[in-house]
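Structure first, then comments.
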Amino acid sequence: MSAAPLVGYSSSGSEDESEAGVQTRPGSGARRRGQSPPPSQRFPVPDSVLNMFPGTEEGPEDDSAKHGGRVRTFPHERGNWATHVYIPYEAKEEFLDLLDLLLARAQTYVPRLVRMEAFHLSLSQSVVLRHHWILPFVQALKERMASFQRFFFTANRVKIYTNQEKTRTFVGLEVTSGHAQFLDLVSEVDRVMEEFCLTTFYQDPSFHISLAWCVGDAHLQLEGQCLRELQEIVDEFEDAELLLRVHTEHVRCKSGNKFFSMPLK
């Protein structure tokens, strides 16, 4: 990743749901199991039932204005679930105080920056899973994570990132100790990705906690003087050394709106 750049499986078969028919006498009027009645015998579906699940036939509208100007990395397709593997970071009050200081200074250079709503360190790119592969995928991850030891890491180096498409810019805290353990975790996650024919992680990853972001490529405004000032704020922040030293206890996978947690040993 540099500014540093940041951060589909499809099924070709379908299960045969038909059942063997039951033999009947000619003219008995009996039907095979699962066979639909003639049109004249069908009852209309009440409007209350038809309206129970609005929008299920149409995919969600890709309106970037509803997501702060963010643009999808890949288009929505019904049955595809965006999936991401990461280590969550639970922000304490002191961390949010530090973030407020950093954001206020960074906004003097790029006013459109906004702070992240949640914090994590990525172990995978965002990939696409078909719905029926989610549980097998998560089970494979759990098996890989089961023997992995918990560890400490430190993230205290301010760094500027852009996504691969250069459509978003991030201010982050890069990992400065614990990098080897992160590489080992990614190696295990990559093996699962390969099993499911999915994209593996970046070749030379910069593990980090994203703090704030904006639409567009703003790394030129944030590098140089701004970056030096942000680093000074971190270095001079009270108890920053303890605050930014984190104990990793579990890995998490998000697929669509589902979350799965995999505790480390």
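A Cβ is built for glycine as well, from the same backbone N, Cα and C atoms used for every other residue.
What TrEMBL says about a protein is an automatic prediction, not a curated fact.
Lifted from TrEMBL, the feature list:
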{"type": "REGION", "residues": "1-69", "note": "region 'Disordered'"}
{"type": "ACT_SITE", "residues": "His120", "note": "active site, proton donor/acceptor"}
{"type": "ACT_SITE", "residues": "His208", "note": "active site, proton donor/acceptor"}
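Most Cβ neighbours within 10 Å, among the active-site residues His120, His208: His208 holds that distinction in the structure as shown. The two recorded residues His208 (active site, proton donor/acceptor) and His120 (active site, proton donor/acceptor) have their Cα atoms spaced 8 Å from each other.
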